Amino acid sequence: LRPASGSRQQDAPGAADGLALASDPGGTLNFLAMVENLQGDSGRGYYLEMLIGTPPQALNILVDTGSSNFAVAGVPDPDVTTYFNPELSSTYRSEGIEVTVKYSQGSWTGVLGTDVITMPKGLYGSYTINIATILESENFFLPGVKWHGILGLAYDALAKPSSSVETFFDSLVRQAKIPNIFSLQMCGAGLPVSGSGTNGGSLVLGGVEPSLYTGEVWYTPITEEWYYQVEILKLEVGGQNLDLDCREYNADKAIVDSGTTLLRLPEKVFSAVVQAIARTSLIQEFSSGFWTGSQLACWDRTEKPWSLFPKLSIYLRDENSSRSFRISVLPQLYIQPILVIGDNLQCYRFGISSSTNALVIGATVMEGFYVIFDRAQRRVGFAVSPCAEVDGSPVSEIEGPFTTADVASNCVASVSFHEPALWIASYALMSLCGIILLVLIVLLLIPPRCQHRYTDNDVVNDESSLVRHRWK
């Protein structure tokens with residue numbers, strides 16, 4: 001692995017044959033053993049090596065804090081280099097339950113089962129985990145990806161086909177008896193997106209590794225435990241407040257999601273950000289296709305266009321609700337190198353896009369920070385990552401505290417339905433209740449001889465109206 005901060009990783013004391021163990025049999029966690037256990041980039045995701053089954057089959061697993069199923073390719077696929085064959089594992093047990101998961105891009109269908117896993121640079125020991133073997137997929141495995149499955153680290157509320165499926169991390173907390181907290185560092189700042197090489201990163205299971213951050217850790221509450229949903233108070237571009245109603249930033253949710261490549265903004269917020277960047281940048285005329293992601297912008301390789309663009313700041317509510325703090329990303333994080341043309345041109349993409357249903361703090365922002373998912377205390381922490389540097393200069397900042405006197409006391413709707421389908425279902429159920437009540441009143445008023453004798457054929461099964469999938 002390429003070192004994240006220029007230093008060479010050392011194996012844990014007592015690790016045999018260079019295999020870094022994150023805890024010893026006595027249960028003492030060694031977080032240094034997990035440093036730089038990830039590879040990948042913001043364009044194709046960061047992944048962890050995992051050994052699955054008996055004898056072990058090695059697969060790379062995408063780290064995704066925006067979903068909750070652990071799933072691996074279970075049949076050959078033209079876009080994956082290897083897959084898990086459950087027939088070759090003596091410890092695999094099929095549950096025989098079909099499961100489908102849909103994401104904002106792509107979907108898969110597979111079968112639930114259980115098997116043992118170990119992590120060469122994770123926790124010591126083997127653990128029995130729920131695992132879905134993917135049998136069919138659409139736009140999930142993409143050309144060039146170097147991972148073969150997905151590790152959903154969100155809450156069980158998002159697990160499919162139901163929240164009764166114990167998640168990967170919940171299984172680790174229960175079996176390994178580790179603290180209910182993990183942390184994530186992704187080191188791709190300023191490096192080519194989807195380049196020929198891979199960047200480093202760290203997934204620390206069970207705690208926080210001090211060498212992976214500098215300065216102070218700032219925490220914001222998790223407002224709801226499904227995604228890692230947080231409350232955003234305002235956005236600034238070049239130090240200028242967008243002056244939008246703070247509820248616009250949280251429509252209909254604001255989440256921290258390592259499985260999303262870009263910083264995604266609700267449409268109204270996205271338009272305001274693009275206008276502000278265009279207004280404050282030093283570029284007078286710029287193609288609209290660059291902002292929408294359909295075109296790249298290219299400069300001579302000797303030029304660095306980042307000086308032409310402003311800083312972007314996101315304000316999050318502090319644990320003390322009367323205070324806030326801001327995380328800022330410099331243009332080196334959201335103006336992303338992606339392609340070299342000939343000998344002279346370097347092309348870049350805009351690392352921000354619009355979203356119809358969420359503000360998503362994805363890899364574009366997360367690459368600037370060490371992010372702590374403290375499930376035990378229901379909070380997400382941010383600290384400056386030492387690997388978030390370009391040409392020796394930091395490209396991310398955290399500042400605070402600031403007063404929240406200028407924003408609403410609650411920027412998240414107190415009653416929120418997470419999907420439009422839930423609104424429809426709620427109205428349908430209310431209408432059904434009203435009809436039933438009306439029928440009962442009529443039946444009470446009608447003489448007994450006119451009452452209808454119900455049979456089994458009159459029973460309506462409304463199971464098909466249940467919302468089975470939440471879109472990420």
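The backbone N, Cα and C atoms fix where each Cβ goes, glycine too.
Positions annotated as domain 'Peptidase A1' by TrEMBL: 46-383. Among the features that TrEMBL reports, active site is placed at Asp64, Asp257. Positions annotated as disulfide bond by TrEMBL: Cys187-Cys387, Cys246-Cys411, Cys298-Cys347. Under the heading N-linked glycosylation site, TrEMBL lists Asn320. Marked as transmembrane segment by TrEMBL: 421-446.
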(Q) If you measure from the CA of Asp257 (active site) out to 10 Å, which recorded positions from the list Asp64, Cys246, Asn320 are inside that radius? (A) Asp64
Q. If you measure from the Cα of Cys387 (disulfide bond), which of the recorded positions Cys246, Cys298, Asn320, Cys347, Cys411 is the nearest?
A. Cys347
Q | Cys187, Cys246, Cys347, Cys411 as disulfide-bonded residues, winner by CB count within 10 A | A | Cys187
(Q) Whole-number answer please: how many Å between the C-alpha atoms of Cys347 (disulfide bond) and Cys187 (disulfide bond)? (A) 20
Q | CB within-chain contacts under 8 A for Asp64 (active site), separation at least 6 | A | Gly45, Ile150, Leu151, Gly152, Leu153, Ala154, Asp257, Ser258, Gly259
Q.
Looking at the domain 'Peptidase A1' (46-383) alone, can you tell me the average pLDDT?
A. 93
Q. By CA distance, which of the recorded positions (Cys187, Cys298, Asn320) lies nearest to Cys246 (disulfide bond)?
A. Asn320
Q) If you draw a 10 Å sphere on the Cβ of Asp257 (active site), how many other Cβ atoms land inside? A) 23
Q | For Cys298 (disulfide bond), the one of Cys187, Asn320, Cys411 that lies nearest, given that the recorded positions are compared by Cα | A | Cys187
Q.
To the nearest Å, how far is the Cα of Cys187 (disulfide bond) from the Cα of Cys411 (disulfide bond)?
A. 31
Q) Given Asn320 (N-linked glycosylation site) and Cys411 (disulfide bond), what distance in Å do their CA atoms have, once rounded to a whole number? A) 15
(Q) Using a 10 Å radius around each Cβ and all protein chains in view, which of these disulfide-bonded residues has the most neighbours: Cys298, Cys387? (A) Cys387
